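Q: Structure below; questions to follow.
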Amino acid sequence: MRVKEIRKNYQHLWRWGIMLRWGTMLLGMLMICSAAEQLWVTVYYGVPVWKEATTTLFCASDAKAYDTEAHNVWATHACVPTDPNPQEVVLVNVTENFNMWKNNMVEQMHENIISLWDQSLKPCVKLTPLCVTLHCTDLRNTTNNNSSIEEKMKGEIKNCSFNVTTNIRDKVQKEYALFYKLDVVPIDNDNNSTNTCYRLISCDTSVITQACPKVSFEPIPIHYCTPAGFALLKCNNKTFNGTGPCKNVSTVQCTHGIRPVVSTQLLLNGSLAEEGVVIRSENFTDNVKTIIVQLNETVKINCIRPNNKTRKRVTMGPGRVYYTTGEIIGDIRQAHCNISRAEWNKTLEQIANKLRKQFENKTIVFNQSSGGDPEIVMHNFNCGGEFFYCDSSQLFNSTHLSNGTWWNGTGPENITLPCRIKQIVNMWQEVGKAMYAPPIRGQIRCSSNITGLLLTRDGGNTQNNNTNSSIEIFRPGGGDMRDNWRSELYKYKVVKIEPLGVAPTRAKRRVVQREKRAVGIGAVFLGFLGAAGSTMGAAAVTLTVQARQLLPGIVQQQNNLLRAIDAQQHLLQLTVWGIKQLQARVLAVERYLKDQQLMGIWGCSGKFICTTAVPWNTSWSNKSFNEIWDNMTWMEWEREINNYTNLIYNLIEESQNQQEKNEQDLLALDKWDSLWNWFSITKWLWYIKIFIMIVGGLVGLRIVFTVLSIVNRVRQGYSPLSFQTRLPARGPDRPEGIEEEGGERDRDRSGPLVDGLLALIWVDLRSLCLFSYHRLRDLLLIVTRTVELLGRKGWEVLKYLWNLLQYWSQELKNSAVSLLNATAIAVAEGTDRVIEILQRTYRAILHIPVKIRQGLERALL
């Protein structure tokens, strides 16, 4: 019965135990689940994230492929060599916004081209001495009697004479030169006279600089490149209009080769559209905005200056040579350009169709320029070193009806554009700067490809209700070279790579024993931008490979830039490109060091995935873990937490500082753990070495003391008979001391030669300690005595100086008192005498009436 009762009681307890066990398991599972939901901030290095930015671009070019003797204006010899295998990484599932009208690359290119143009003219000759009166007549014939002048060229060339200073400054001689009519203006406004006074056209507003003889204006393709840490996004949509989102995006380090062709109305030798003609404008409804047309097929334009010129030198003083046209050999004919009429009409029809779609099926009319500067009214470009101004009215003289029919008149197979030539040009519409292009010998021929147009739309028609409301008139435009560069740079934008990313994970940083790690981090940013369209989880797998490309790419780019800078050392000054390259070098290193500095501050040096102890706050983003890592790209995630990035960075820094402080405190407590290392077997060899050194030192010390003892005994006239040292007999005058007295044993007493290693070590150590003690005691006594003597002498000197000071102080006091007394006595005596004199004078004055009365009395008596 007793057993059954106990069994029943234990069954009750067993039931409670099972319930307790299940409760504990459930509580543990709940704790694990709750712990699993806790997310922590993790730092990732090498994430495919970028932001729009503006930075200094540098150039790359194949300058060696062109004439090495002629110095081209664009200074492409100072550029970095182009990459023979340029990388272009397609960004899948990426949509990016572009805006060609607000692209800093256009402004940079415009400023660079102007600066290069100005810099190429700096060492050239200023033609200020030519700003004199020119006596000009129309060129009627040449030295060849069989030659003739074309009717259109009559009056186009002026034969002018003028006075210039020779090599001797006070001597003037008469020279002559041929000028184009566009380059001179009459002074007396008399155009009918056969011999009129003229002046150069820009003398009243600008400083004219002659282009150096070997300067070439041939456009060489320039590739604009971004420094390390930046990249170019390229839109590959074939019908991209320049603004808005682009879904076919790739990333490159450099642009394609852009020829810096300076022209108006027609865009020459540019890039073509891949699918049909493309028209682009910032605002089609605003007639002030220029319309940029990109063709899909080129139209050939062949130009010629048939005149065979000679060039002569005119000296304008010491060190100044002016190049002018000497004479024209053969017939004098007008320069002109030829364009295929069929190709041009086909191109205009395609452009009209695009414009008709944009402007609601209206009739499209192309008309000539409405007026303005010659650069705007005519098609202006450079052909073989001469600046052509061609009349383009024949190109823009057609009507395209809304039903698809058009009218352009009839004519020969080719359209011939008459061209005039100017030698004095005012480039870039800048005030105060003009350039004189020296004449080119012989005939000039050039062939170009028309790849685009610059158009302007007449305003006002769409707002009227008359019959012309359905007509849109377009005229050739240009003049702002930014539109020329924009027609090539429309597909690019500069972005700044942001390789640092933060995201929530379930991993928390643990404090472990830290070991040194040497991790090489590597270079080109384009490699890891390839994962931009992937989800965050897929992109994080390739972080190591992507980040390792960073540093080698920077180093390679730096080496290329240095080689380009070295190529300019023979010049006295860097070109614009040299300065850009130096800026790019500094910028690349600065970006890399900045990122590495942040990684170091966060305790993540050498890591690509770095956990932290900062808990993730759901207020930053309330998306779930799976939603973040499985559905979002890094770019989307960056936009999600962009407002909290700086806050997260600060929290990571504070957490790292606290962790380092905790580690320092922990290491201070763990110092005692190092005591157990003394008993490690790896330390035994070191202990044996120390023991051997101690024994060797003691043996050497024993030998030294023995030799010193023998020498001391020999000096006292005693020679030991054996190694057994006997105790000397003591006389009554040298008591050893008794037990009650407790006196010290005599130092001259010696002990027997002991046996055994330990006894020998003990005796030697005792002897060493006693020897050191006695010597140190003697030295201390000597020092004490010396200090005592010096103190006594010093005290006596101080007392003597004090007494001397007191004596002289008393003497000075007595002297001062004596001087004061003498001065007081002298002053008192002087004062008494003055008072006495005053008293006598006063009495004398008082006695004057008495004396007078006494005198009168005597006189009366």
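Including glycine, each Cβ sits where the backbone N, Cα and C put it.
Relevant sequence annotations retrieved from Swiss-Prot are reproduced here:
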- ASN141: N-linked glycosylation site (CARBOHYD)
- ASN163: N-linked glycosylation site (CARBOHYD)
- ASN192: N-linked glycosylation site (CARBOHYD)
- ASN283: N-linked glycosylation site (CARBOHYD)
- ASN361: N-linked glycosylation site (CARBOHYD)
- ASN397: N-linked glycosylation site (CARBOHYD)
- ASN403: N-linked glycosylation site (CARBOHYD)
- ASN408: N-linked glycosylation site (CARBOHYD)
- ASN449: N-linked glycosylation site (CARBOHYD)
- ASN622: N-linked glycosylation site (CARBOHYD)
- ASN631: N-linked glycosylation site (CARBOHYD)
- ASN643: N-linked glycosylation site (CARBOHYD)
- CYS769: S-palmitoyl cysteine (LIPID)
- 303-336: region 'V3' (REGION)
- 518-538: region 'Fusion peptide' (REGION)
- 712-861: topological domain 'Cytoplasmic' (TOPO_DOM)
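Buried or exposed, and what's around them? Tell me for each listed feature.
A: DSSP assigns ASN163 (N-linked glycosylation site) to a strand segment in the three-state reduction.
Annotation for ASN283 (N-linked glycosylation site): same-chain Cβ neighbours under 8 Å, separated by at least 6 residues, are LYS289.
Around the Cβ of ASN361 (N-linked glycosylation site), the same chain contributes SER402, each under 8 angstroms and 6 or more positions distant in sequence.
Counting only same-chain residues at least 6 apart in sequence, none has a Cβ under 8 Å from the Cβ of ASN403 (N-linked glycosylation site).
In this view, ASN449 (N-linked glycosylation site) is surrounded by 15 other Cβ atoms within 10 Å of its Cβ, with every protein chain counted.
ASN622 (N-linked glycosylation site) carries neither a helix nor a strand DSSP state and counts as coil.
When secondary structure is read from DSSP and collapsed to three states, ASN631 (N-linked glycosylation site) falls in the helix class.
DSSP assigns ASN643 (N-linked glycosylation site) to a helix in the three-state reduction. Around the Cβ of ASN643 (N-linked glycosylation site), a 10 Å sphere holds 9 further Cβ atoms from the protein chains shown.
Under the three-state DSSP scheme, CYS769 (S-palmitoyl cysteine) falls in the helix class.
Outside the region 'V3' (303-336) by six or more residues, the chain places 125-127, 129-130, 139, 142-144, 147-150, 152-153, 156-157, 164-167, 169, 175, 177-178, 210, 213, 383-384, 386, 388, 390, 416-421, 438-448 with a CB less than 8 A from a CB of the stretch.
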Q: Let's see if you can do this one: DSSP helix, strand and coil counts over the region 'V3' (303-336), in that order.
A: 0 helix, 25 strand, 9 coil
Q: If you count, for each of the glycosylation sites ASN163, ASN397, ASN622, ASN631, the other Cβ atoms lying within 10 Å of its Cβ, which residue has the minimum?
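A: Result for the glycosylation sites ASN163, ASN397, ASN622, ASN631: minimum number of other Cβ atoms within 10 Å at ASN622.
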Q: Roughly how many angstrom lie between the C-alpha atoms of ASN397 (N-linked glycosylation site) and ASN449 (N-linked glycosylation site)?
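A: A Cα-Cα distance of 21 Å.
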Q: Counting every protein chain present, what is the number of Cβ atoms, excluding its own, within 10 Å of the Cβ of CYS769 (S-palmitoyl cysteine)?
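A: CYS769 (S-palmitoyl cysteine): 10 neighbouring Cβ atoms within 10 Å.
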Q: Could you state the CA-to-CA distance between ASN163 (N-linked glycosylation site) and ASN449 (N-linked glycosylation site) to the nearest Å?
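A: Approximately 44 Å lies between the Cα of ASN163 (N-linked glycosylation site) and that of ASN449 (N-linked glycosylation site).
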